[in-house]
């Protein structure tokens, strides 16, 4: 019967049959995909075919009945031709949930002409159910039914954000027609709407990426590959990032129109908008943010591994920074604290709100994994709530002159609305954690969680609308202090007294970001030590003392005398930089936080990336076996900072200072981690290579000091002249003192590191290696 045609089949039994041997019916040289093999395996056997209905109305009714009564098995693909549904990132593992044994056909399969069908079709009566805990090794395409099912929730929340923002701005009079440079109604109403959509899609994208990177179950047999749930979250994030990118482009264009006083319908508008985005500071920051959103989108189009998702998350988080750098916070007194607190506020809110919204979208698919996912998200949400509340308090204290502004000004009243919404969200989160999460494994618990999550999403949408309106209003504190004091406008705080040993100890100007960082690091470390002791194990006191000392030095370098005078004198700025890149990383590395984390933190059995998995990944990083690369990166970073215009940019703009602080801490920590070999489950770097790397760093920093001393000109002289320093000879002498500070720091740090390496080689510090061997075997 090789030449006979297959009998006609009912619509319920139409399958994409294959000839014998698993070959493609239309392409004889190509093997059939595994997705249709799974479809055939799930189809029960038919006894007698029936004649299909020829009427179009009857066929439509039969197809509708088929969709309602027999859901399409996972792994079958409908003919979708949209770009984002056929892009590489839309190819993922099949749905691991058990499917119904009543399935009789592949509803969306592409029909094959009868002439290409085989007379033999493999059918079994018992479907093959994949393990819910693990996804298949091979990717398949799945139709996005849940995408359209959840679309009303997404569109409803986005509409609510836009309407709330417009209503609050209209009530405050911010949407009234301007007498001068009126850009028109398109810009006046379109800019807040685009800004609201921009913030909502940014939060949804980042929340979904956080879920995919660290909260949703992974694949235990292949941790680097995306599981089904992670892949679905990444696909949702790709759709959301596309909307984020479109709204970001619209925000750039309408912001340009609002600044120049013209609308998109005016001739020459787009040429002026392009000039605004490439030449004006505000436009440049917004353009950079838009490019980072585009990088997020392009990364997600090829995201098949967890590392790609983490890279996309990094791009998305960095894209938030320009929003904080161009707002009202950038021009206020104590602008460093204002910008830092706004950055923390934005990151915490987007992770918190976006994570809950993403969890609501993925809720129908999580079923068996819902309890552990909700528990993990609840822990992350508690941290985000604390960060949001603390950063909001700091930011509000810098925007208001006195507590009466909360009720006397529109800005203060809107701030009260946000505070009330935050309190409601905190109460809902507490109720969810205490009453709903323990019962979320049952049907009633899932329904209660869904209802509470929906209420929280609506409140968060209202809060986002209020935030957009708040960002368009001017705070009651005057935001341009340059008319009163030039030095105050440059430093952000009153000019300190003359530098001396006593003032270096007594002067304090808190940088609340690094204060919180130091306190959190010390608290988590001590909590780990106490937990270890409760388990009957010991931890060296020298390591604990080194870690706490590193946190204290970080506090003094950023909030004490070294931080206060960093922008006042070049010598103290060099001291500030060397503390961040050498002293603080050395002390923190001697605390051995990675071995402590691997002993205290529990491992996740489902292949997802938790805190312990992050510590293990950092200890096994590529640079861990290359001390020479780490040394060259550190020296090159210092040379670029002092040898280019980065120093001047950092003195004039807080973005440059923040970038220097973060990069210096990261480069120094990586270098000492590699050289001292404190990471677990890895042999120490050979002493010869470690000593060579230390020598390279010492010689490089000493060369920097010599260059500062012999340089004929002044570094960042525009800053010193703007600060009203007229004595050039005193500036040269201060630069020479900075050179001596760099040379002394290089000599002391190099000597201390060499002493530690020699002591470890002689056998006095063998305990870290023994700990590594014990951890690697246990």
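Every residue, even glycine, has its Cβ placed from backbone N, Cα and C.
Residues or ranges marked as compositional bias 'Basic and acidic residues' by TrEMBL: 1-13.
What TrEMBL records for 1-64 (among others) is region 'Disordered'.
The compositional bias 'Basic residues' annotation in TrEMBL covers 14-26.
For 44-57, the entry in TrEMBL reads compositional bias 'Low complexity'.
Residues or ranges marked as region 'Disordered' in TrEMBL: 118-141 (among others).
Taken from TrEMBL, the feature transmembrane segment covers 147-173 (among others).
Summarising the annotation, TrEMBL assigns transmembrane segment to 193-216 (among others). Tertiary proximity for the transmembrane segment (193-216) is limited to same-chain residues at least six positions away from its ends with a CB under 8 Å from its CB atoms, namely 154, 157-158, 161-162, 164-166, 226-227, 229-231, 233-234, 236-237, 240-241, 243-244, 247-248, 250-251, 254, 293, 296, 306, 309-310, 312-313, 316-317, 319-320, 349-359, 361-362, 369, 373, 376-377, 380, 461, 464-465, 467-468, 471-472, 608-610.
If you look up TrEMBL, you'll see 309-330 (among others) marked as transmembrane segment. Remote same-chain residues near the transmembrane segment (309-330) are listed as 202, 205-206, 209-210, 212-213, 226, 230, 234, 237, 241, 281-282, 285-286, 288-289, 292-293, 295-296, 299-300, 303, 338-339, 341-343, 346-347, 350, 395, 398-399, 471, 474-475, 479, 653-655 (criterion: CB distance under 8 Å, separation of at least six residues from the stretch ends).
Here TrEMBL flags 342-362 (among others) as transmembrane segment. Note on the transmembrane segment (342-362): residues 146, 150, 153-154, 157, 202-208, 210-211, 215-216, 229, 232-233, 236-237, 317, 320-321, 323-324, 327, 329, 373-374, 377, 380-381, 383-385, 387-388, 390-392, 395, 450, 453-454, 456-457, 460, 463-464, 467, 513, 516 of its chain, located 6 or more positions outside it, place their CB under 8 angstroms from a CB of the stretch.
Positions annotated as domain 'Copper resistance protein D' by TrEMBL: 373-470.
Feature annotation from TrEMBL assigns transmembrane segment to 374-394 (among others).
TrEMBL lists 414-431 (among others) with the feature transmembrane segment. Here the transmembrane segment (414-431) has long-range neighbours at 168, 172, 378, 381-382, 385, 388-389, 392, 396, 399-400, 406-407, 452, 455-456, 459-460, 462-463, 466-467, 469-470, 473, meaning same-chain residues at least 6 beyond its ends whose C-beta is under 8 angstroms from one of its own.
What TrEMBL records for 452-470 (among others) is transmembrane segment.
For 512-532 (among others), the entry in TrEMBL reads transmembrane segment. Long-range neighbours of the transmembrane segment (512-532) within the same chain, counting only residues 6 or more positions beyond its ends whose Cβ lies under 8 Å from a Cβ of the stretch, are 337, 340-341, 343-344, 390, 394, 538-539, 544, 547-548, 551-552, 554-555, 558-559, 588, 591, 593, 596-597, 599-600, 661.
Annotation comment: TrEMBL describes 544-568 (among others) as transmembrane segment.
According to TrEMBL, the feature transmembrane segment maps to 574-598 (among others). Beyond the ends of the transmembrane segment (574-598), by six or more residues, the same chain brings 521, 525, 528-529, 532, 539, 542-544, 546-547, 549-551, 553-554, 556-557, 562-563, 566, 611-612, 615-616, 618-619, 634, 637-638, 641, 660-661, 664-665, 667-669, 671-673, 676, 678-681, 701, 708, 738-739, 741-742, 745-746, 749, 752-753, 756, 768, 771-772, 775 to within a C-beta distance below 8 angstroms of the stretch.
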In the domain 'Copper resistance protein D' (373-470), how many residues does DSSP assign to helix, to strand and to coil? 89 helix, 0 strand, 9 coil
